[in-house]
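Working notes for the structure below.
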Amino acid sequence: MGLKPWLENLLPFAAMVAVECLDVGLTTISKSAMSQGMSHFAFVAYSNALATLILSPTLLLPERIKRPPITLQLLGKFFLLGLTGITIVQNCVFTGVNYSSPTLGSAMSNVCPAFTFILAVIFRMEKVRLGSLKSQVKILGTIVSISGALTVTFYKGPSLWSASTPSQSNFHSTPHFTSSDMLASASDWVIGGFFFAVASLSVATWSILQAAAMKGYPSGITVVFFYCLFGAIQCLVVSLIAEREPNAWKLRPDIELGAIVYSAVCGNVVSYGIQTWCIVKRGPVFVSMFKPLGIAVAALLGVIFLGDTLHLGSVVGAVVIVAGFYGVIWAQSKEEEDGEECIENLPSTSQKRPLLHSH
């Protein structure tokens, strides 16, 4: 009997670690596919359409709770969830990946905790007591995590580990770089960072909107389906406007098709489903604070599959990020033990029902 509560407490942590691994794997495989000429607009449109198709049968599954009626106001909320959680995020992320690298994307995603924390305070979903040690640790932990992300982004340091892979020749085929080449590369890196920053702000907004939506509509699987549906429609419209080349919509049965299937299943259905469940169980700040773990995974996959070089700055930054991460988790656990009202504890007991067990 004592084992079940222990597993229930451990499951959200294990689930979010798995989500970070899946998300970094997605950016890595998408970078590889786009390096071979695949349009990221077509990629986003196809993957979200497939994800919506996969989720469709879930509406027919019986649930333990009766689904409330779908109202126009509720559809508006789903539309905003699709806009912030899929359309803006995915188009910005894959544009950023196209300009830079998955490692930079994982590093820049660490502004999510700061954005989420600030938005949660603004919308009074998080109570901050500056005189409380737990609140101070939470704030300090968020600042430390962001500092570590900035270290990873702006300080490389000496090379620690590199791997020569076939894909490496695709990215580094030029034997030397001129000053104009280096300037263009730096410019692309900044542009990529800007798109990643916009995506992080959108993710933070989505987390807050998702928590609010789950309070009024406890059927998690229905929420996931509808915002995936709206996201797919929005992405299709954006892609048709931005991508006018007919050949860009032709799929090849190689890594392009594999990337789309992986994105639809792991990046959309599995990832969004788990994140929705974790938001219900622990709140949006808990979900966003796992973003720092993606840096280490991105650096490792980048070295193995993309031929990237692991630098000292990546290791130092990762250590700093993990320190901040555990500071926030410690403060959160203490708040839960003391029974304090915080963003991680949604007030309605119906919202505490696990999404994965709601049908």
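Any Cβ shown, glycine's included, is placed from N, Cα and C.
Among the features that TrEMBL reports, domain 'EamA' is placed at 25-152 (among others). With helix defined as DSSP H, G or I and strand as E or B, the domain 'EamA' (25-152) counts 101 helix, 0 strand, 27 coil.
Annotation source TrEMBL lists transmembrane segment at 41-62 (among others).
As annotated by TrEMBL, transmembrane segment applies to 74-97 (among others). Sequence-distant contacts of the transmembrane segment (74-97) (same chain, at least 6 residues past either end, Cβ-Cβ under 8 Å): 27, 30-31, 34, 40-41, 43-44, 48, 68, 104-105, 108, 191-196, 198-199, 202-203, 205-206, 209-210, 212-213, 216-217, 223, 226-235, 238, 268, 272.
Listed as Cβ neighbours of the transmembrane segment (103-125) (distance under 8 Å, sequence separation of 6 or more from its ends, same chain) are residues 24, 27, 93, 96-97, 138-139, 142-143, 145-146, 148-150, 152-153, 189, 192-193, 196-197, 199-201, 203-205, 207-208, 211-212, 283-285, 288-289, 291-292, 294-295, 297-299, 302, 308, 314, 317, 321, 328, 343. According to TrEMBL, the transmembrane segment annotation covers 103-125 (among others).
Annotation comment: TrEMBL describes 137-155 (among others) as transmembrane segment. Listed as Cβ neighbours of the transmembrane segment (137-155) (distance under 8 Å, sequence separation of 6 or more from its ends, same chain) are residues 103-104, 107-111, 113-114, 117, 128, 193, 289, 292, 295, 313-314, 316-328, 330-332.
Sequence-distant contacts of the transmembrane segment (189-209), counting only residues of its own chain at least 6 positions beyond either end whose CB sits under 8 Å from a CB of the stretch, comprise 77, 80-81, 84-85, 88-89, 92-93, 95-101, 104-105, 108-112, 115-116, 118-120, 123, 125, 153, 279, 284-285, 287-288. Residues or ranges marked as transmembrane segment by TrEMBL: 189-209 (among others).
According to TrEMBL, the domain 'EamA' annotation covers 191-329 (among others).
Residues 41-42, 44-45, 48-49, 51-52, 55-56, 58-59, 61, 63, 67, 70, 75, 78-79, 81-83, 85-87, 90-91, 210, 213-214, 268-269, 272-273, 276, 355, 358-359 of the same chain lie 6 or more positions beyond the ends of the transmembrane segment (221-242) yet place their CB under 8 Å from a CB of it. For 221-242 (among others), the entry in TrEMBL reads transmembrane segment.
Tertiary proximity for the transmembrane segment (257-274) is limited to same-chain residues at least six positions away from its ends with a CB under 8 Å from its CB atoms, namely 15-16, 18-19, 22-23, 25-26, 29-30, 32-33, 38, 43, 46-48, 50-51, 54-55, 85-86, 220-221, 224, 227-228, 251, 355-356. Annotated transmembrane segment per TrEMBL: 257-274 (among others), in sequence order.
Annotation comment: TrEMBL describes 286-306 (among others) as transmembrane segment.
Here the transmembrane segment (312-331) has Cβ contacts under 8 Å with residues 103, 107, 110, 113, 134-135, 137-138, 140-160, 285, 289-290, 292-293, 295-296, 299 of the same chain, all six or more residues outside its ends. Taken from TrEMBL, the feature transmembrane segment applies to 312-331 (among others).
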The DSSP breakdown of the domain 'EamA' (191-329) into helix, strand and coil residues is 117 helix, 3 strand, 19 coil
